[in-house]
Amino acid sequence: MKEFDLKYGDYILYVSFLLIKLYLFSIATTTYFSFYMLIVSLGSAFLLSFWILLIAPKKRRWMLVGFSVLISFLIVSNGWYYRYFTDLLSVSLLIQVPQMDAVGGGMQDIIYWYDFLFFLDALIILVFHIMNRNKPIPSYNKKSRITAASAAFAAGLVLFITPLMLKQDGELIDKNPLSNLKNYYQTGMIGYHAVDIVNEVDEALFQNTELTSEEKEEIRTFQETQQQSQQAEQVEEQPNIIVVQLESFQASVIDQEIDGQMLTPNLNEFKEEAMYFSNFYHQTHEGRTSDAEFIINTSFYPLKSGSVYTRYPDHSFASLPEELSSEGYETAAFHAFRPNFWNRDQMYENFGFDAFYSIDDFPDKEQIGLTLNDRDFFLSGVEKMADMKEPFYSFMVALTSHTPYSFPDEMKKLDLDLFDEEILRNYYHNVHYVDDAFGSMKEKLIEEDLWDRSMVVVYGDHDSALFKEDREMAQYENAESAVDYMELGRKVPLFIKPPSSEEGKVVEKSGGQIDVAPTILALAGIEPDFMMGTSLLAEEKAITVFRDGSFVYDGFYYESNLWNESGNGTCYSLETEQEVGNDNCAAQVTEAENHLRLSDLIIKKDGIKQINE
């Protein structure tokens, strides 16, 4: 036994600690971990490292220490990413690394001190070697090393493949999962990353990007069905269209009062003359802000991994700018940041915008957070609009309230001592400032005689990432149920003011960002070419699908279960917030999955271009 310990003790320690780290990862991220995942993870651990047993013991010890550090870094990085995006890292995200320099300041909020305990195993393995450095290592010739490595490989193969075959009814891996987490729950952490690499290589080198005749027919059938429900309104004159995207703006801040102080007085007042959609949800995923822009301007879903902006910037879409340009609109995008950030310069051109005004086109005035403050951004943007040919479409992407929510002390107007979290206080200061900036923008539009002649659309791009269960925001909002947390994190404001509107109203119909473009076109009297969303003003009920397969429909919220078979999620009543029978949601599960699958197909294979050829 002692001889066995000296021969293989370090390797056994390595594998044991790897399994412990994977289990601790599930605890730290509150993800699911089952006996099935334990077996699959053990198998993948052997498959990943069996070859190390071919190396002579003295060299192997350093390989195991280094390997332990690398695996720990992978696990911890996935943990950090999961805390922000509720997803796992993927190869496709590597092309998004340049985007991280702008959000690096928010890293302190997702790094916990105990994350570094994941590296403790490397130290223990090192101590094991130091304690045994003077002990003679038993004979361990090349043949015995090959035998040990072969045994580890065979064990890994059986432990990894057998559970997959049993769970997938003979099919090893779901080839078209709704999300990265679906593959993670099927194959474990190591298996997930291996499958991800294989899939990316396959897509880059071998995948056929031509649509089959069946796929073309499916797309055309969906297009015909959608067009039947897209009814444009009769308008005497096509309005200017001004769309404003507010950064990290949750619906919870609208009408919110803290110690007698209104967070958004100007947007609250805006409700008096606009339609306010009280059950409107963001549908962004890993691309966050870029996802919101993409969904709003194309009415397609985001990808399960990465951003369309960086992965498929040259693919065709029946975009909102193109639809409006064909009706005689002049179109322009406004964003006071680097033009190549998130590949916007290429993407906006692809969308069909006539002009893109980036940081160099705005005055060099006070910066808040990442770039020019929203007030000067809005005012300068309106001045540019005043010179545009009418009717025009202006798409404005604000940025002041971007994570990490830093805000100048001298500009803070609210007393927020009620909250202990500095980042939450700063978030609310940002929200209050952006609201004030919108008020200034409205005054400028009135001054330029554009307010009454324009449709003004204002919406939030995504959540603040501050709403989780252990955060003060959730406690202040009295979030308790699964529905509470979903609505706190998913609901964003949407205001739509038609031209010359004098009286606002609250629209309770549920919808998502994918429905905004069809709604705008309907109000402008234009029928869209191909969009996956439907007008929020249509009488028909519509499903609001999220990237993980969860959805809202007809008073129910379905939370998908990614570690189980499709349809085994949980259905909740939005009214009672209680769990109800899945029969209330079952009919829409397949519809939601088909929406995501069809959107992915069209995006990845450039389907709009192919069906229009």
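Cβ atoms here come from the backbone N, Cα and C positions, even for glycine.
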For the Mn(2+) site that TrEMBL assigns to T289, D461, H462, which of the candidates E247, E330, E410, E508 is also assigned?
E247
Within 8 Å of the centroid of the Cβ atoms of E247, T289, D461, H462, which other residues of that chain place their own Cβ, given that this set defines the recorded Mn(2+) site?
Q245, L246, S248, F249, H282, T284, R288, A292, H402, G460
So are the transmembrane segment (144-166) and the transmembrane segment (12-29) touching or not, going by 3+ C-beta pairs under 8 A with a sequence gap of 6 or more?
no
Chain-internal residues near T289 (Mn(2+) binding site), provided their CB is under 8 angstroms and they sit 6+ positions away
Q245, E247, W342, V397, H402, D461, H462
Beyond the flanks of the transmembrane segment (12-29) by at least 6 residues, Cβ under 8 Å
37-38, 41-42, 45-46, 49, 64, 67-68, 71-72, 75, 78-79, 82-83, 112, 114-115, 118, 121, 124-125, 128, 188-189
Confidence over the domain 'Sulfatase N-terminal' (239-526), expressed as mean pLDDT on the 0 to 100 scale, is 96
Secondary structure at T289 (Mn(2+) binding site), reduced by DSSP to three states:
helix
